[in-house]
Amino acid sequence: MRTVHSLKELRSILRNYRQQGKTIGLVPTMGNLHEGHISLVRKASEAADIVVTSIFVNPMQFGANEDLDKYPRTLQEDQDKLAEAGNTLVFAPSVDEVYPEGMARQTKVLVPEVSEGHCGASRPGHFEGVATVVAMLFNMVQPDVAVFGEKDFQQLAVIKKMVRDLMIPVNVVGAPTVREEDGLAKSSRNGYLSEEERATAPIVFQTLNRVAEQLQQGRSDFQALEQEAQNVLAEAGLRPDYFNIVSSQTLKPATDEDRELTLLVAAFLGTTRLIDNLSLSR
Ligand SMILES: Nc1ncnc2c1ncn2[C@@H]1O[C@H](COP(=O)(O)OP(=O)(O)OP(=O)(O)O)[C@@H](O)[C@H]1O
Ligand SMILES: CC(C)(CO)[C@@H](O)C(=O)[O-]
Ligand code: BAL
């Protein structure tokens, strides 16, 4: 497995693979890899001949008061895990390589409707940063297939919409959320949790499951359920950001007609912001 830092080198290696008729899979990440990321690499390697994992902590998607500076950067450990998982190439560009003119750039990718609400409301500009860098990664790597985690449900919806609207020739595939034994969704940010916070964190997935059960038992007073869920989280010591019951297709508030529902949640535990989601049919 090789690691490259420059776009020039990346393109030259990929040109070679393409000439050999190989298909290319891309797994975009911000590094500090865990089993969730590795499951995406495995999925990509089933769908394509060679797998490129990008590791880039993208400044454009972080808000001014967010954790850009403290976000864990662990390239050596990440490389070891990727080599073991059968990854072919790591692309780990510097900020200057991706943004040679700095952050005051002209061209941005906006995916308005699907970026509204949920994380889009709490993190203004976040999905603009995500869509822009993912569009750039698609142009840099020109993958046949790209794999993203369902843990970031709204992000996956934004990327799918962007690809359709801009007719980017890539097959975007979602992969299920990998969890700890107690149900907590694996996330690089779990590393910020104190021992006590880590013990509390599974309440997020437990609450998703409890609300899903109630929906399946026929409850359809969505707003009351959302409020109850927020109360449960608050009583456990979290600060809920949102708990929204939405149509899985549109991510708009659920209506009685919707059969496929997704529960989206974000909550702070201390200063750490956890997100999770659960989809159900009824
Ligand atoms: N537990 C997980 N299961 C499956 N995919 C995941 C999981 N966690 C992250 N991913 C996916 O990995 C890709 C890279 O995500 P990222 O590097 O932000 O990881 P993360 O652990 O979610 O980090 P963060 O804590 O910053 O949200 C995304 O497509 C994301 O949805
Ligand atoms: C898709 C992504 C790599 C873009 O920076 C990031 O948002 C992430 O890690 O989910
Ligand atoms: N996992 C999504 C990237 C972010 O939180 O910035």
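Every residue gets a Cβ built from N, Cα and C, even glycine.
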Handout entry: Matching range for TrEMBL feature annotation, coiled coil, among 40-67, 68-95, 208-235
Key = 208-235
Practice task
Return the members of LEU33, HIS37, GLN61, GLU150, SER188 (the recorded positions) with CB less than 6 angstroms from at least one atom of ligand 3, or none.
Solution key: GLN61
Handout entry: From recorded positions GLY36, HIS37, VAL178, SER188, the one whose Cα lies nearest GLN61 ((R)-pantoate binding site)
Key = SER188
Practice task
Round to a whole number and give the Cα-to-Cα distance in Å for the pair LEU33 (ATP binding site) and GLN155 ((R)-pantoate binding site).
Solution key: 18
Handout entry: Cβ packing number for HIS37 (active site, proton donor), 10 Å threshold
Key = 28
Practice task
Among the binding-site residues MET30, LEU33, VAL178, point out the residue whose Cβ has the most other Cβ atoms within 10 Å, with all shown protein chains included in the count.
Solution key: LEU33
